[in-house]
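Here's the structure we're looking at; comments come further down.
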Ligand SMILES: N[C@@H](Cc1c[nH]cn1)C(=O)NCC(=O)O
């Protein structure tokens, strides 16, 4: 299947929808100080907005995935954009914490519908060999939304104030609705992807079948183990750790976070190409990302006293693999499930990283609170202990990956596909190379 011009247009509009979703997702974080002043709230209440939003996002992934298989990506994307626009309008007008939280719930709900819809469009419109790279590019370019919230959104906020900033963010989603209505179709040949509009009876069965396939669970555990570390660092604890824990400047913290996004821009396409070239070795890519993340954090955590800058650079370079690594998980969902169950399977996979991030953000916060007795004056040693929550996720994730991988390989062997152990492959290649010299 060749890629048509229409495919690029559909992907382009889907991508704009995802960029705008990431803009909405991150807009509250960048207006934290203004939010504190506007609603008179403390840092912990502010953090609870992030937690609530992640909770709604993660909690809706499975129902949204099921819905995607029923109504198709075009409609779901449009509904998601409309809900996010409503959420940002509510926030623009909010004068109290409960109303503002209601706005964030709507944003989290609409956001939950966007990424899975775009991935479904990618799978439907692009040849399968191109899907891993297009998936990586989608995840990668989507993060531009974070830049849009950090720069133009903050500029409008400070120039024209809270209501104007949030209303203009809402208007971006109205634009997405218009573009999606005009340009998006579920698939090149709608009959090629059976969207079972109105057939809800099979949804529960699909959910069970998708879950029962070990390939879906391999995706879930892969997303869980790789995706969370980057989210935790970027959305919550990276900045405070560098500034309050490591005693570095805010400028350096900002530079390191930017470096993480830029390095992710290189890592994403590289991982996409590796997945295309070595589809039977995807789990090793995932395991490599987990080991790289854990090793870099361990180095920084055990370093006596303030860690040198090069270790912090190494940490953010390693964490830049987190987002792209988690995209490999969606490839498991895609290749182990038929198109009519892909939304459900993608939703299940996407629960992983966001749930793990939620647990870690809360866990680190709780340990910090216990250590400091609730005062928000954190020392390096407090962070050292609190950040160990990461290991719980890595260990449980690795167990999940290895168990699901064993079941996947057993199932593949039943269908005549035997994946030779990596040691055997390396040895075979070494012997082959020796015989040629
Ligand atoms: N892994 C992320 C996206 C990503 C890719 N590269 C950096 N981040 C993911 O799972 N995204 C889902 C979403 O809704 O953003």
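Placed from the backbone N, Cα and C atoms, the Cβ positions cover glycine too.
Mean pLDDT for the domain 'Major facilitator superfamily (MFS) profile' (10-412) in the predicted structure: 91. Positions annotated as domain 'Major facilitator superfamily (MFS) profile' by TrEMBL: 10-412.
The transmembrane segment annotation in TrEMBL covers 7-27 (among others).
Look at TrEMBL and you will find 39-64 (among others) tagged as transmembrane segment.
Same-chain residues lying 6+ beyond the ends of the transmembrane segment (76-99) with a Cβ under 8 Å from its Cβ atoms: 14, 17, 20-21, 24, 27-28, 39, 41, 45, 64, 67-68, 105-114, 116-118, 121, 162-167, 169-171, 173-174, 176-177, 180-181, 184. Taken from TrEMBL, the feature transmembrane segment applies to 76-99 (among others).
Summarising the annotation, TrEMBL assigns transmembrane segment to 105-126 (among others). Within the chain, the transmembrane segment (105-126) has long-range Cβ neighbours (under 8 A, six or more residues past its boundaries) at 3-4, 6-7, 10-11, 14-15, 17-18, 21, 24-25, 28, 52-57, 60-61, 64-65, 67-68, 72-74, 76-77, 79-88, 90-91, 134-135, 138, 142, 173, 184, 186-188, 192-193, 330, 334, 339, 342-343, 346-347, 350.
Taken from TrEMBL, the feature transmembrane segment covers 138-158 (among others).
Tertiary neighbourhood of the transmembrane segment (164-184): same-chain residues 9-10, 13-14, 16-17, 20, 23-24, 27, 31, 73-74, 77-78, 81-82, 84-89, 91-92, 110, 121, 149, 153, 156-157, selected by CB-CB distance under 8 Å and a gap of 6+ residues from either end. Summarising the annotation, TrEMBL assigns transmembrane segment to 164-184 (among others).
Proximity of distant same-chain residues to the transmembrane segment (227-245), defined by a Cβ-Cβ separation under 8 Å and at least 6 residues beyond the stretch ends, is recorded for 26, 29, 47, 50, 54, 146, 252-253, 256-257, 260, 264, 293, 297, 312, 316, 319-320, 322-323, 325-326, 329, 352-354, 356-357, 359-361, 364, 377-380, 382-384, 387, 390, 393. Annotation source TrEMBL lists transmembrane segment at 227-245 (among others).
The transmembrane segment annotation in TrEMBL covers 251-275 (among others).
Beyond the ends of the transmembrane segment (284-303), by six or more residues, the same chain brings 222, 225-226, 229, 271, 274-275, 278, 311-312, 314-315, 317-319, 321-322, 324-325, 328-329, 384, 387-388, 390-391, 394, 397-398, 401, 422 to within a C-beta distance below 8 angstroms of the stretch. The transmembrane segment annotation in TrEMBL covers 284-303 (among others).
Here TrEMBL flags 309-330 (among others) as transmembrane segment. Long-range Cβ contacts of the transmembrane segment (309-330) within its own chain (Cβ-Cβ under 8 Å, at least 6 residues beyond either end) map to 119, 132, 135-136, 139-140, 143, 218-220, 222-223, 226-231, 233, 242, 246, 248, 252, 256-257, 259-264, 266-268, 270-272, 275, 282, 285-286, 289-290, 292-293, 295-297, 299-300, 303, 346, 349-350, 352-353.
Among the features that TrEMBL reports, transmembrane segment is placed at 342-368 (among others).
For the transmembrane segment (383-402), same-chain residues at least 6 beyond its ends with a Cβ under 8 Å from one of its own Cβ atoms are 217-218, 220-222, 224-225, 228-229, 232, 237, 241, 244-245, 283, 286-287, 290, 293-294, 297, 301, 356, 359-360, 363-365, 367-368, 371. TrEMBL lists 383-402 (among others) with the feature transmembrane segment.
The transmembrane segment (251-275) shares more Cβ pairs under 8 Å with 138-158 than with any other stretch in the list 7-27, 138-158, 342-368.
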